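What follows is a short report on a single structure.
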Amino acid sequence: MADMKKKTYTMTVFGCQMNERDAETLRGFLDEIGYEEVDEVEGADLVIMNTCAVRQKAEEKVFGRIGRLGVLKKENPEMMIAVCGCMVQQEDVAKKIKKSYPFVDLIFGTHNIAAFPELLQRAAESKETVLDLWDEAGDVVEGLPVTRKDGVKAWVNITYGCNNFCSYCIVPYVRGRERSRKPEEIINEIKALAKQGFKEVTLLGQNVNSYGKDLEEEMDFADLLVRVDRETDINRIRFMTSHPRDFTEKLAKVMGECDSVCEHVHLPIQAGSNRILKLMNRGYTKEHYLDLVDILRKYAPDCALSTDIIVGFPGETEEDFLDTLDVVDRVGYDMAFTFLYSPRSGTPAADMPHQVANEVKKERFQRLLEVQNKHSLRHNQEAVGKTVEVLVEGPSKTDPGVMTGRTRSSKTVNFTGENVNAGDLVMVEITQARTWSLLGRKSVENRNTNDSSVSGD
Ligand code: SAH
Ligand code: SF4
Ligand code: F3S
């Protein structure tokens, strides 16, 4: 009789939500072929790394891990190793891995995920590394399998690729040109998710605000949000990332009007100096950005704002950096993701003069963090005493007696209370603020909604 034991795999995902979403498709394929996911690398039949190329650190982590896997593979030669994603979509990197780590079985890029089962089969039959990269993305492929682990929140692609070519960024080179999914496909996916019990979707694109520009029908991102709000039963809609260049007043209006659209926008500024913004090819000025924030707050006054900031872009002077701090103070972000500029080979910024010394980058980074932390804490303190809706994710990782979830404004809340389960939308009274999170307790206001042990009116 054939051995009925399922084959096992383990997967590590680096980088952004796009990669997380692609990993869900890979999991879907592996489910179909009959693999089971395990946590431990030891003993796994297949190890997959879905890689990121956005900063050098991300790439170094992958090289380190591949090296360690080589040691394991000596003990267990049957173990297959696959490397995919943005990093290996760079042909030179893929070739380097093939040459320096010949024990890797399979290397494939971001454009040929749909061919994964075939590639895996080929790699199993081949003694040499199977390397398969496509130069360009084909049309959007619908109907690929997907396995989502979490039954509460789901990522939903709305566009793939990027046309913006910010001068520091590798993404357009490894993800191809921008392609929008058809609205019907998106709506049907979200309808199905709501039916399965999901409460929240995050619409994903490198620049969601340019959604629809390549579609035949007249449709922009604001129209899409209205349709998802009206036509599906999903409780919460989020989206990322919103590029300031294409952010419209119409979108701000829609955010204020659509009940299921959450009160949070991630609007990366990257830098506060107009000179640096121009060198970055971002397509807006500091003043334009600040106007957008005003417009947003006019239509959606409760909207939380977060951002991405790069410190130490080539040529950044102390004065330029002060412009960044100025924007951070003027906007008063709820949260900021801050990065040291990392030169990416093949991007224009990597060859720009006046690269900033590491010590200078780090010193500015620290100052930026201090300024931002004050704003984060202030926003969180303002929430104390309020009662807010929290979508429960489950018990806290550090304290199983405490539940964790997020507010509509995307703040993490750790709270206590009876009869709370993952996927519940509960009202929580905020009792304490930290810089990165809120503490609270389940409110008595839940009487008529979630707590079935108390009878309603
Ligand atoms: N499409 C999104 C960003 C995707 S990459 C947008 O335009 O906002 C996520 C973040 O990584 C960027 O916002 C930027 O802040 C940062 N990043 C990208 N390339 C980088 C580089 N070469 N060095 C440092 N940070 C970088
Ligand atoms: Fe990169 Fe700019 Fe595209 Fe964002 S918009 S992915 S930063 S090129
Ligand atoms: Fe994302 Fe990294 Fe690729 S940020 S798109 S996984 S380069």
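These residue numbers are counts, starting from 1, taken along the chain as shown.
Placed from the backbone N, Cα and C atoms, the Cβ positions cover glycine too.
These come from TrEMBL:
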- 7-125: domain 'MTTase N-terminal' (DOMAIN)
- CYS16, CYS52, CYS86: [4Fe-4S] cluster 1 binding site (BINDING)
- 148-378: domain 'Radical SAM core' (DOMAIN)
- CYS162, CYS166, CYS169: [4Fe-4S] cluster 2 binding site (BINDING)
- 381-444: domain 'TRAM' (DOMAIN)
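Taking the features listed in TrEMBL, we show where each one sits on the structure.
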| residue | record | Cβ neighbours (10 Å) |
| --- | --- | --- |
| CYS16 | [4Fe-4S] cluster 1 binding site | 16 |
| CYS52 | [4Fe-4S] cluster 1 binding site | 23 |
| CYS86 | [4Fe-4S] cluster 1 binding site | 27 |
| CYS162 | [4Fe-4S] cluster 2 binding site | 23 |
| CYS166 | [4Fe-4S] cluster 2 binding site | 23 |
| CYS169 | [4Fe-4S] cluster 2 binding site | 22 |
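Less than 6 Å separates the Cβ from ligand 1 in the case of CYS169, drawn from the binding-site residues CYS52, CYS86, CYS169 in sequence order. Other residues of the chain with a Cβ within 8 Å of the Cβ centroid of CYS162, CYS166, CYS169, the [4Fe-4S] cluster 2 site, are ASN164, PHE165, TYR168, ILE170, VAL171, PRO172, GLN206.
Using a 10 Å Cα-Cα cut-off from CYS86 ([4Fe-4S] cluster 1 binding site), none of the binding-site residues among CYS162, CYS166, CYS169 qualify. The [4Fe-4S] cluster 1 site is defined by CYS16, CYS52, CYS86, and by the 8 Å test on Cβ atoms against their centroid, the other residues of the chain that qualify are PHE14, GLY15, MET18, ASN19, THR51, ALA53, VAL54, ALA58, GLY85, MET87, VAL171, VAL174. Ligand 3 lies within reach of CYS16, CYS52, CYS86 from the binding-site residues CYS16, CYS52, CYS86, CYS162, CYS166, CYS169, judged by a C-beta closer than 6 angstroms to any of its atoms. Each residue contributes its Cα atom, and for CYS169 ([4Fe-4S] cluster 2 binding site) and CYS16 ([4Fe-4S] cluster 1 binding site) these two points are 14 Å apart. Counted with DSSP, the domain 'TRAM' (381-444) comes out as 4 helix, 33 strand, 27 coil. Per-residue pLDDT, averaged over the domain 'MTTase N-terminal' (7-125), rounds to 96.
Proximity of the binding-site residues CYS16, CYS52, CYS86 to ligand 2, judged by a Cβ distance under 6 angstroms to any of its atoms, singles out none of them.
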